[in-house]
Structure formats: C-alpha cells, structure tokens
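Participant: Quick paste of what Swiss-Prot says about this protein:
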- ARG62: active site (ACT_SITE)
- CYS34-CYS83: disulfide bond (DISULFID)
- CYS48-CYS72: disulfide bond (DISULFID)
- CYS57-CYS114: disulfide bond (DISULFID)
- CYS73-CYS132: disulfide bond (DISULFID)
- CYS85-CYS143: disulfide bond (DISULFID)
- 1-28: signal peptide (SIGNAL)
Amino acid sequence: MASSSSSSHRRLILAAAVLLSVLAAASASAGTSCVPGWAIPHNPLPSCRWYVTSRTCGIGPRLPWPELKRRCCRELADIPAYCRCTALSILMDGAIPPGPDAQLEGRLEDLPGCPREVQRGFAATLVTEAECNLATISGVAECPWILGGGTMPSK
C-alpha cells in the first residue's frame, strides 16, 4: 500500500510540474507578442505621434522639439527592443489587436498638407542614433519595413 501511495504522489508531483511548465511557457510567450495590449500598449507612442507630425509637418503641441523628442524616446524605450519597429509600424498603419470587439488602433491620422510618406520616412528613423539611439531586433539602424523595404523579422 505504501508503494501505491508513493507512486500516486510522484504522479501528482509530475503532473503539477508539467502544468506549471505549460503555464510558464504560455505566460512567457504572451509577454513577447508584439501586439497592442501585450508587449506594446494599446494606441502606442502618443508622444511619438506628436513628435513625428511636429517634425515633418509643423503640426502639434506648442512644446519645443527637444521635449517632444525626449517624451517620444522614453515611450519607445519602454517597449521591448524586439517590438520597437512593430510599434512604429502600428504608429503609421495601425493594428487590430486580438479580441472579439477589436478595432483598428494606433494609426497616425492623415493630415491635410502633411504627406504620409514623409511622416513614414521620419518614423522609420526614430530608433537611430540621431534620434532615440535604441536597439531593435533587426540589428539595423532603422526600421526599413515601415518604408516598404524588406520584411519585418520575427522574434
């Protein structure tokens, strides 16, 4: 009877360990998904929105560029390196996060007299040394797929 109890106890511990491993893996992968609401906040980079439109089109709040840049860079730095270019893509083109009531979010608005391609070109450089000096997963100094060049790497 003791060996039967011991065997049941071992099976229970093994099952619990497997369950914990599965939960840990699911939790880790959820934290690394570059989608709004997970590794990227919903409607990401509001300060970068202002910084991009201010620098490219002269539209935005009456804050000096260095202050807008500081805020933008802080928001971008808070996003994991492997999601920064994705966050900038969402800034330009938007994304529909997972969920039953999900709607397009994060997209920089079309502004009269402010060409979208000019904004896109500047947004692609926000991770560069001249702007925020931040690392990305691509290993290049900017996010070229925002401009339509290359494909976005996955983690």
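Count begins at 1; order follows the chain as displayed.
Glycine too: its Cβ is placed from the backbone N, Cα and C atoms.
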Participant: Which Cβ among the disulfide-bonded residues (CYS34, CYS57, CYS72, CYS73, CYS83) has the fewest C-beta neighbours inside 10 Å?
Facilitator: CYS57
Participant: Would you mind listing, in sequence order, the residues at least six apart from CYS48 (disulfide bond) in the same chain with a Cβ closer than 8 Å to its Cβ?
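Facilitator: Same-chain residues close to CYS48 (disulfide bond) (Cβ under 8 Å, separated by 6 or more) are CYS72, GLU75, LEU76, LEU88, LEU91, ALA123, LEU126.
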Participant: Give the distance between the Cα atoms of CYS73 (disulfide bond) and CYS83 (disulfide bond), rounded to the nearest whole Å.
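Facilitator: Roughly 14 Å, rounded to the nearest whole number.
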Participant: Any same-chain residues 6+ apart from the residue listed as 'active site' with CB under 8 Å of its CB? Would you list them in sequence order, or say none?
Facilitator: none
Participant: When you rank CYS57, CYS114, CYS132, CYS143 by Cα distance to CYS83 (disulfide bond), which of the disulfide-bonded residues ends up on top as the closest?
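Facilitator: So, spelling it out, the nearest of the disulfide-bonded residues is CYS143.
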Participant: Nearest of the disulfide-bonded residues to CYS132 (disulfide bond) by CA-CA distance, picking from CYS34, CYS57, CYS114, CYS143?
Facilitator: CYS143
Participant: Out of CYS85, CYS114, CYS132, CYS143, which of these disulfide-bonded residues shows the lowest number of other CB atoms within 10 Å of its CB?
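Facilitator: Ranked by other Cβ atoms within 10 Å, the disulfide-bonded residues CYS85, CYS114, CYS132, CYS143 bottom out at CYS114.
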Participant: May I ask for the distance between CYS85 (disulfide bond) and CYS34 (disulfide bond), taken between their Cα atoms and rounded to an integer number of Å?
Facilitator: 10
